[in-house]
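**Q** Attaching a single structure in structure tokens format; questions to follow.
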Amino acid sequence: MGKKAANDNVRVMVRIRPFNKKEIEEVGGIPTCTLECISDTQITCINPENPDITDSFPFDCIFWSMPPDQVRAPIPVADQPDVYKQVGVPQLESMFDGYNGCIFAYGQTSSGKTHSMMGYAGKGRGVNPRLCEELFQRIEDSKQKTVAPGSTETSYTVKVSFLEIYNEKVQDLLLGKGKGLNLKIIQDPKRGPVVKDLSEHVVTTWDEVEKLLDKGMETRSVAATAMNDTSSRSHAVVQISLDMEDSLGSVGGKKIARPRRSRANLVDLAGSEKVSKSKVEGAGLKEAIGINQSLTCLGRVIDGLIDGKTHVPYRDSVLTCLLSDSLGGNSRTTMLAALSPAAINYEETMSTLRYAARARKIVNKVKVNEDPAAALIRGLQEELAKMKQSVVSGDIEGLRIALGQGGEIGDLTGAIAMRSEEIEEMVAKVQLLEEREQEEEAVREEKWAVERQQIEEKHARELEAIKAEQEELGRAKLALEEEHEKLQTEVDAKRKIVMLDRLRQGGQVTKQKQQALQSQQDTDARSKKLKRDMLFNRFRNLSHKARYADYEQQHIPEQEADAAGLVATMESQLEALQQRVADLQAFDPNRDYAAEGVEGAMIPTTEVVFEGPLCDMCMEQPAQFRCLENPCCGDLYCVWCDANQHRAGPNRLHERTPLVAPCECCGAREAEIICPGCNNAQLCTICDDRKHGRHSRGAIVAVPCEFCGLRDAEMNCADCPCNLCMACDELKHRADKRQGHRRNRVPVAQLAPVKPSMPVARSRYPDAPPAPPGLRTTQVWAKNPYPDVRAQEVAMISPPTSAPPVASQVRTPYVQAAPSASLARQLDAQDGVMDG
Ligand code: ADP
Ligand code: MG
């Protein structure tokens, strides 16, 4: 009797692949594993971001394929033969029993589906090649067994097809590239879904199958993605059909056989992929969308089956259409869920696990694919064979039980004969039934052809509509692209403007910065120069002072001698003058002294007029230089004498100075301020204002000579209110009628009171020490604009010293040289001329 359809749950197994090179290189070691195997039927997925979140799933079998040096599990590492043993062998056995079967590998891209299903040559062969090889092995074994007497002879026919579903189109992979494209799937009432015009290759050995598989794999659509160098871009299905016929002998001269047929779909699905991760574009993106769509459809079918919906959307995709028998139909189905252990794939892994867990709830209705009439005859045949066996062995009791009645041998033989007749009748009926069924089959086929025609037409219409929609979409896309381009151009232009603005601003900022830097550098350079000049001037003045001090020290006796000489000269001059006065008093204009022969009666008529200090050498030109060197120290020279006489000889290297006292800081302007805090440094008001802010300072109260206005006064005349320099005193004051005036050689500062006609001593600072008595002071407060510079520079000049008493702050004349010997000689000579 034909067996009834039995319930059979989809078996779901899970395989965890090892970490691949990329995953290891990315983290520079073994990455975090998101999977934990609890037993060979339980797996836990751990959320890498929060390890407290875990999900456990039960499955029919877990294959832990990670090597122990990556992550260990409490179950042995499963390699390709182990997977085949659990996945492939039961399928093979049920194929021989006449059941349809299906193995499909599901999982994200690069999780090891193709590796498990197809594998690679040698030990790495996957389920498909192993199953095919063992199929022929078993056929061979079965042939060997039938050689034994009394055994049933079975003939086998194996056919192989290989197809792929690429972009929702079925393609035959065994006809070569460009052939067998766009095949249709039709529903065969007996065989279930079949691909129309799919080539079926009858094979008799494993070698033949291997060649076909290799050919198919070559044609299969694969491409490199960011996640898998040989990513399968299509769902590949190897279909193996096994036709078996058990020869049951003959009844009434007619051979009775028991035909069975089984078919296995070995499916390597394309991987679900996150486009963001696989980074596919263009055609790859279209493929990815197609793949993901058909997998979503598969998910919907699974959900529909679990929920017991009356309408399961098999027709929504080519894949589900083809697998409609394998899921919820007449098929022993195994799902192999391939998983990546990397934490980075946690989301996809969880999605696969949920998918697989749902698929496990699908219940298929399986039955042996055999002819019902042949099954009935086979049952009777088996019964008869048993009876005959009982007769031969004399097992009357067994025979009675088989026939279901008591009685003697004769009765039993009669019963057997009756049964034989019954069988013959039955065979005749079966034949009748078969004929009828064939007729019905023809009618059905006709009907089916009409239906098919209608479906094809409907498909064609749908295709047209889709194409029209595609064209519409294409046009919309073009319009969008144009708009995008336009916008992009605008954005680019705006970006350029912004960039230019930024560059301009940047340039300005740079320019400002450069200017600031330049001015800072200039200030630094100026301040350095000033500092250097200041130090230089200070050093020069100090060395001058030291030299003068030495000179004075050395020349005091000489000066005393000079002074004595001068006194003697003056006395003799006085004498001569007194003589002259006497002569003049005695002079009688009415007398003709020449006629009388009186000698020496000449009266001077010319007066020497001095308008400024004269050159000590020519005594004619205004003096412009003072020699600072010993032995002519203090002598004044005009430009001509300085160049031609003074410096023409060995005095060439003598240092000279202009007749004004220079500021010790800038060296260029005349000094007006004296600072006791800086070792009596003499400064011009500008340098004082700008750089010298710390110390109290006094005015330079040196009084200029009232005759020349250039040199400091060194003399005070007691008989006329004149402050004179030594030279003017000698050359002008005494040459004048004021020869007899008494003069004091005292420091000017000690003169009192100072006349209002004197230059005003200035003190610009309120904290300046009081001016010497008799000097009028003007107080002007000026805010110091450079406090820092000033403090530093002043500090460099010299440390502040306590201010000396006011009297000593008074500047001594710039040069306190005594009239030189040469000057004395000149004066003598002049006097002599005059006298003469
Ligand atoms: P899928 O078909 O799921 O996209 P593949 O089967 O092509 O992925 O596997 C991707 C890569 O991972 C291949 O290089 C394959 O050799 C390797 N791989 C997958 N599973 C295993 C495994 N169990 N052991 C070793 N390598 C594996
Ligand atoms: Mg693959």
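Every residue, even glycine, has its Cβ placed from backbone N, Cα and C.
Unlike curated entries, TrEMBL annotations are predicted automatically.
According to TrEMBL:
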type    : residues                                                       : note
BINDING : GLY107, GLN108, THR109, SER110, SER111, GLY112, LYS113, THR114 : ATP binding site
COILED  : 416-497                                                        : coiled coil
DOMAIN  : 9-362                                                          : domain 'Kinesin motor'
DOMAIN  : 705-746                                                        : domain 'B box-type'
**Q** How many neighbouring Cβ atoms, not counting its own, are there within 10 Å of the Cβ of SER111 (ATP binding site)?
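**A** Excluding its own Cβ, SER111 (ATP binding site) sees 28 Cβ atoms within 10 Å.
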**Q** Which number gives the other C-beta atoms within 10 angstroms of the C-beta of GLY112 (ATP binding site), all protein chains shown included?
**A** 25
**Q** So if I draw a 10 Å sphere around the Cβ of LYS113 (ATP binding site), how many other Cβ atoms end up inside it?
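**A** There are 27 of them.
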**Q** Please give the average pLDDT for the domain 'Kinesin motor' (9-362) in this predicted model.
**A** 86
**Q** Select, from GLY107, THR109, SER110, GLY112, LYS113, THR114, each of the binding-site residues with a Cβ positioned under 6 A from at least one atom of ligand 2; if none does, say none.
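**A** Among GLY107, THR109, SER110, GLY112, LYS113, THR114, near ligand 2: LYS113, THR114.
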**Q** With DSSP assignments reduced to helix, strand and coil, which class does SER111 (ATP binding site) get?
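**A** In the DSSP reduction, SER111 (ATP binding site) maps to coil.
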**Q** Do you know which of the binding-site residues SER110, THR114 has the most other C-beta atoms within 10 angstroms of its C-beta?
**A** SER110
